[in-house]
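Straight from TrEMBL, the features:
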type	residues	note
DOMAIN	B:232-288	domain 'CBS'
TRANSMEM	B:314-334	transmembrane segment
TRANSMEM	B:346-367	transmembrane segment
TRANSMEM	B:388-411	transmembrane segment
TRANSMEM	B:417-441	transmembrane segment
TRANSMEM	B:453-476	transmembrane segment
Number of protein chains: 2
Amino acid sequence: MSTFRSQERLQESLNLLTTLLEKQRVIEALTHKQESKNKELVEALVHRQNLALLQRKLRDLHPADLAHIIEVLPQADRLVVWAELEPYHAAQVLLESSRSVRDWLVAETERPRLVALLGQLDPDDLAYISDSVDPEIVAEVYQSLDAREQSLFQSTIAYPDGSVGHLMSPEFVSVRDGRDLGGALEDVRRRGELPPHTEALFVVDARNVLRGALSLKDLLLREPSAQVSAVMSTDVVSFTPQERASDAARAFERYDLIAAPVVDERGKLVGRLTVDVVMDFLRRQAQSEALLRAGLAGEEDYFAPAWTSAKNRWLWLFVNLLTAFLASRVIGLFESTIQDLVALAALMPIVASVGGNTGNQTVALVIRGLALDRLTRANTGHLLKKELFVGLMNGAVWGTVVGLAAAALYGSVPLGLVMAAAILLNLVVAAMVGCAVPLVLQRLGRDPAQGSSVLLTFTTDCMGFFIFLGLARAFLV
Amino acid sequence: MSTFRSQERLQESLNLLTTLLEKQRVIEALTHKQESKNKELVEALVHRQNLALLQRKLRDLHPADLAHIIEVLPQADRLVVWAELEPYHAAQVLLESSRSVRDWLVAETERPRLVALLGQLDPDDLAYISDSVDPEIVAEVYQSLDAREQSLFQSTIAYPDGSVGHLMSPEFVSVRDGRDLGGALEDVRRRGELPPHTEALFVVDARNVLRGALSLKDLLLREPSAQVSAVMSTDVVSFTPQERASDAARAFERYDLIAAPVVDERGKLVGRLTVDVVMDFLRRQAQSEALLRAGLAGEEDYFAPAWTSAKNRWLWLFVNLLTAFLASRVIGLFESTIQDLVALAALMPIVASVGGNTGNQTVALVIRGLALDRLTRANTGHLLKKELFVGLMNGAVWGTVVGLAAAALYGSVPLGLVMAAAILLNLVVAAMVGCAVPLVLQRLGRDPAQGSSVLLTFTTDCMGFFIFLGLARAFLV
């Protein structure tokens, strides 16, 4: 019978594990308290039974599920689970864990175990997580690799994070273009295995230059006497190790790729990029973007000490306080005006807030356009014009609404007019700045998703206060 | 020789197309102006040549690339390109386009062409985009399908957007568990083709109940006399059509799936879910989340009329104005206090802004935890306690800094103390509300990514003003 893993299965495993860990804690607490030798023996037995059950349960779990479970457990429970994992299993869990939890696990593992565990990894996987490990330990593991593995490790680590070379795998199957299908099939049979996600074999010439791809489908369905070069597809999307991983990811999405060859500058086959790695990359990228936008330096382990978390948020808090202080100084310039008409103090946050919110809509559109390569030189001008026009229209419509409300509330038509004019002007400013900020950050080589929102809100706050209070000073008091 | 598509190739195509379209416009402008019959003939010839070149270029492009190019072209150019596409090609472009551009293309296409073009689609793809098309036209296309296709269309459209059933494809290959590998291979050969992304065949029993999966690798490498049931893997991740697509997507990521069987409640095989569709789903989800967070109702075509765009943003603007007005009323309660000490007007936005920003950090962490299923009943309490503690610490540290600055700036120690206390309290409020809001929205069945930020900012604004001005009234004036 088939066994199916699903969300429910994972939840069940988690619940069972939690119960087992709970028991384990109770038993340990008891063992500490109990004095009688007899009782101790019984407890020890129960303890061992429970542990055996835990081990059996853990062995059955997929490493990705284990990584997930470790992620949601408090640190004490994590250590119990972690200690019970066999080296190969533990190594796979390290690969699947988030960066913050991986760092923590590595830090909590004794050196001999860590070395044994890292020795279980493929060289490219070792390179992938080597940032989390003490370089000395990496060097020790590296020494234990054979020459071929060492060179694989080197070739992966040579490429920076975020490049195709960093993500590619050395596992692929290639066939020579001169063979027929029967011969190619024999080669594959002799090899005895195919790496996962192999939908096609890469076809190379005598100099190992990529010539095309031969799908397993054709290998299965076509006449064995047909020539590989006649059957293969020559329309192959390939990458170079230097290319940005995000560009490659876009190509994977666009062309529905499962695996693609990676070639060096002379066209020689050097590796393979697979869709599972690409999906993983995309997920991590989307997550870190969402966190960066909220001003978090990066992933945060839920069970990290509060002190670490507090410091993780300081840079943003500092930047935020600085911008808020500057905006506050703008208000300070108009203290006498506010003294004369205190209603201004209550109304000014509205102008600033509406500007910030509509500006951030523009920012979101521009960032998305940049991320999807949809903003070209030709249509950027078009977008700017349109956003300005949208700002003008919305400013006219909603400025009128708010102006009427303010006039009614404070019984002053001039106050309503100033409010309406300030909102209109601030929305136009928001549209301009909302377009310009991400484009300029991108031009400067910065990630527009990171700083745009702060810069925009700072501008719309300052300008909102300045425009509103300035108009009020000129026309009202 | 292999031909490679890459980012550069796409850029080249785009540039060439733009030039051709430019020429086309010039020619058309000339043709309008010129009177002489002779000249007209020449122009017409050039026109036809240019168009032929354009057509040839378009035929060579991958539908995904074409969709991208159409996306970045102004509406007039889009129509020229769109008119030149053959029905099959055009239908694929519709599939690959973003929702807003697809709707626009459909609206711009004459009914006979649209019917011809939709007739080229697979029934499940037709169902997928049927939301963009006038139901009458869908019905007309539906009538032209044969009985099997009609039932495929029905079974896809029966499942709501966001479910596995909506995304699954009826294209899969199954083999009976009673056969040997040689027989299975013969079956596949007789079929003559395999759907894309087939890494394994699904194994079913006589009642079409899923029993396991037979990888192409094993089909290629094992002895032809081996039994399918002996070689197949029984550890297969499967889904039901009713399951949420986002849960399935998480399983694809977690277990590195390429394709997975979809079974009904009795375990019978009904469809197949493939990684390309899942990636597409994830991308659309990530995009719409980023846009929703900024308060945009959804995707916006960059070339849509400004009026449409303005209205797309009204709901958010309205909500924002409403909350800003309420916060403004809180300030209104303290107008006499501000009158007595106008420095309060300048300082109060700092308290509100710091609360909003740190609260949004908490919101981002909680939303991410919910999205990744990392928040369990056990660790939610832990997270809340920790966030409160972080809020307290940051409030103490930064409240002191800001308090000192305010005291120095306005030469008043009591004012500095009130400022410090207000920041401390507002950060604690922000931590509590930042945890509670996404959790409550999730419990209510709402998407926490959508409303959390507005609700949080509203609370921290109102509470920030209230705490600061309240403390000031009590202790300063």
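Cβ atoms are placed via backbone N, Cα and C, with glycine included.
Secondary structure counts, DSSP: the domain 'CBS' (B:232-288) has 25 helix, 16 strand, 16 coil.
In the predicted model, the domain 'CBS' (B:232-288) shows an average pLDDT of 90. Same-chain neighbours of the transmembrane segment (B:388-411): 343, 347, 350, 354, 358, 362, 417, 419-428, 430-432, counting only residues six or more beyond its ends whose CB sits under 8 Å from a CB of the stretch. For the transmembrane segment (B:417-441), same-chain residues at least 6 beyond its ends with a Cβ under 8 Å from one of its own Cβ atoms are 347, 350-352, 354-356, 358-363, 366-367, 370, 375, 380, 383-384, 387-388, 390-392, 394-396, 398-400, 402-403, 406-407, 447-448, 450-452, 455-456, 459-460, 463-464, 467-468, 471-472, 475-476. Only residues 6 or more beyond the boundaries of the transmembrane segment (B:314-334), in the same chain, are considered here, and those with a CB under 8 A from a CB of the stretch are 295-297, 344, 348, 352, 454, 457-458, 461-462, 465-466, 469-470, 472-473.
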